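Features as listed in Swiss-Prot:
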BINDING   Cys542  heme binding site
CARBOHYD  Asn171  N-linked glycosylation site
CARBOHYD  Asn428  N-linked glycosylation site
CARBOHYD  Asn494  N-linked glycosylation site
CARBOHYD  Asn549  N-linked glycosylation site
CARBOHYD  Asn581  N-linked glycosylation site
TRANSMEM  107-127  transmembrane segment
Amino acid sequence: MAFPGVRRGLGELIGLRKSDAWYSTEDPRFGLTCRITASTRKLASCTSPWQYADIIQFIASTTITTIMLESLIEQWQIMRQAFAPMRLSRWQLVKLLAAQIHRDNPVAAKIAALLFVAGLFWAVSVLTRPKRLDKKLGLPLIGGSRTLKKDFATVIERGRQMYPDQPFIVNSSGKPFVVYPPSNFDEIKRLSEEEASAQDFFYDATHGYWTSVGTETPALWKTIGIDLARAGAPVVSTKQKDARTAFDRYVGYCPDEKSFNVFDVMMKVVALTNGASFVGREVAGGRWHELVAQLPMTVYFAVIFLTWTPRLFRPFLEPLFFLPHFKVQRDMRRILEPIIKQDLDEWSKTDDKKEQLKVKEGQRLPYHKWLISRYGPGEATPRQLATDQIVTAFESTISTALTIYYILFQLASRPELQDELRQEIADNTTDGQLPSTSLTELRKMDSVMRESFRVNPFALFSLYRITRKPLQLSTGPKLPAGTIFCVDVHHINNSSALFPAPTRYDPHRFLNKREQPGAEHRHQFVSTGPMDPNFGDGTQACPGRFWANNTIKVCLVHVLTRYRLKLKEGHTRPQPVCMPNGSWVPDLKAEVIFQSLD
């Protein structure tokens with residue numbers, strides 16, 4: 001059905017010509033240009049009244065806008081004429097006009113003010129937005145400029161297929177990352193902190209201004225990498241007792257099958273076991289270990305919410321999102337205050353400093369005294385020592401708990417592997433007591449841990465860095481200062497050239513590798529290198545991996561000698577989800593069934 005009369009009327013009303021694609025009519029007084037996106041062809045093709053209604057609605061809205069602007073300009077001219085003798089400035093006239101509009105139509109004035117503020121924020125956001133890194137560097141952008149996908153691993157796989165030996169850019173939680181291929185691993189690990197800093201990256205990623213993560217001092221770094229690593233062997237016996245206390249508290253005796261939330265239990269067990277070494281059993285057994293278990297979650301939830309927040313609003317919302325973290329930190333500092341005061345007093349009043357630095361059986365580690373000995377005069381303040389202790393708790397808890405989490409699910413699905421490890425434990429213990437060593441004797445267990453870490457790493461990337469000055473690598477363009485870059489280790493952990501059948505979990509994979517000539521000390525859980533990329537490598541590799549290795553083995557020994565594990569009926573091992581920042585997040589609700597062996 002056609003409506004020729006209506007078509008002609010509309011055409012005459014808006015002044016269309018048959019050849020026009022864009023039309024403009026100008027008001028002779030104010031020069032107001034009204035662009036109407038229509039054409040005679042579109043009008044001619046209208047066969048439905050609804051299409052005509054849309055056109056009429058557009059014309060009406062344009063006409064109303066024009067009338068409103070005419071009225072506003074008319075009021076402005078009247079005010080200028082009326083107040084001309086007073087010689088008011090334009091800004092004063094604008095304020096008078098705004099006051100008049102507010103009196104005449106307060107609702108419209110408020111809406112206009114809100115729209116103005118929103119428009120101002122949008123304009124500032126656009127004007128201050130940095131130039132896209134892919135255009136600046138000339139590198140391909142994979143996954144789009146606003147990658148917020150749960151299947152982030154597929155983005156990386158697609159990028160590596162398209163550019164197997166070249167760097168590309170991904171947008172990781174709103175920030176551009178230059179992702180280098182595995183072939184650049186050795187080159188990047190050799191970079192000094194003055195060239196590219198891992199600490200700067202973690203400070204940026206976890207909002208270190210609010211969380212203190214990434215503020216590790218050289219004294220703290222050396223304390224963890226040297227003093228704490230050496231303390232692993234002497235505290236094995238003590239840590240076994242602490243692990244027993246933790247499991248008795250959160251798992252207990254299970255004559256019948258009983259399921260537990262693995263992530264929740266392991267966070268508390270690790271926090272309590274490690275806490276006994278750092279702050280003492282009595283303090284750790286109180287509220288301390290609960291706060292330590294909460295600490296990482298308060299950081300990660302705040303970071304996730306800020307990722308979803310428009311960049312312009314983040315400075316205003318950061319304090320709000322980190323309020324739970326502030327409360328946890330405040331409570332932890334209050335608990336630490338008397339402990340640190342005692343350690344500072346003992347250090348200042350005793351002449352034999354070396355004696356105070358020794359690890360003593362059944363006592364908490366002299367952790368604060370190690371730190372004091374490495375700080376310069378006046379640097380080891382109570383606040384600094386408390387910050388170091390909190391950062392240590394943050395970094396040593398969730399990574400260790402997650403590693404045990406994944407291992408327990410592998411064991412629960414393999415009863416024969418549990419029996420095999422129990423036999424190895426029996427061969428290396430006396431009355432259930434582990435030797436006071438670094439526990440390298442548990443080679444099968446170490447292989448199980450290393451393979452689990454390969455299959456379930458913390459992230460798709462490693463060797464995270466932020467450039468501190470312009471940097472030219474052997475591949476790709478020159479990176480300006482402040483650029484985030486990393487190495488794609490997803491394609492190292494899943495390389496069929498390095499690991500035959502990489503998608504299969506082989507608990508003996510690294511045990512077999514270590515049996516090859518010259519490789520008996522390689523391929524361990526704590527190893528670093530191009531085949532062992534998850535802890536990083538070089539001078540900026542994770543310094544706490546030796547302490548974590550000790551804690552994990554002690555906890556696994558306790559579980560395997562006390563419990564039988566199995567998956568819930570009809571359930572399979574939970575699959576982690578790859579988040580838009582490249583990290584793998586486990587199923588936080590997954591459960592495993594525990595049953596006591598006797």
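Glycine is no exception: its Cβ is also placed from the backbone N, Cα and C atoms.
On the structure: features taken from Swiss-Prot.
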{"residue": "Asn428", "record": "N-linked glycosylation site", "Cβ contacts under 8 Å, 6 or more apart": "Leu434, Pro435, Glu441, Leu442"}
{"residue": "Asn494", "record": "N-linked glycosylation site", "Cβ contacts under 8 Å, 6 or more apart": "Pro502, Thr503"}
{"residue": "Cys542", "record": "heme binding site", "Cβ contacts under 8 Å, 6 or more apart": "Phe535, Gly536"}
{"residue": "Asn549", "record": "N-linked glycosylation site", "Cβ contacts under 8 Å, 6 or more apart": "Gly232, Ser438, Leu439, Met449, Phe525, Val526"}
{"residue": "Asn581", "record": "N-linked glycosylation site", "Cβ contacts under 8 Å, 6 or more apart": "Phe152, Ser172, Ser173, Ala205, Thr307, Ala459"}
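The local packing around Asn171 (N-linked glycosylation site), expressed as other Cβ atoms within 10 Å of its Cβ over all shown chains, amounts to 22.
DSSP assigns Asn494 (N-linked glycosylation site) to coil in the three-state reduction, outside any helix or strand.
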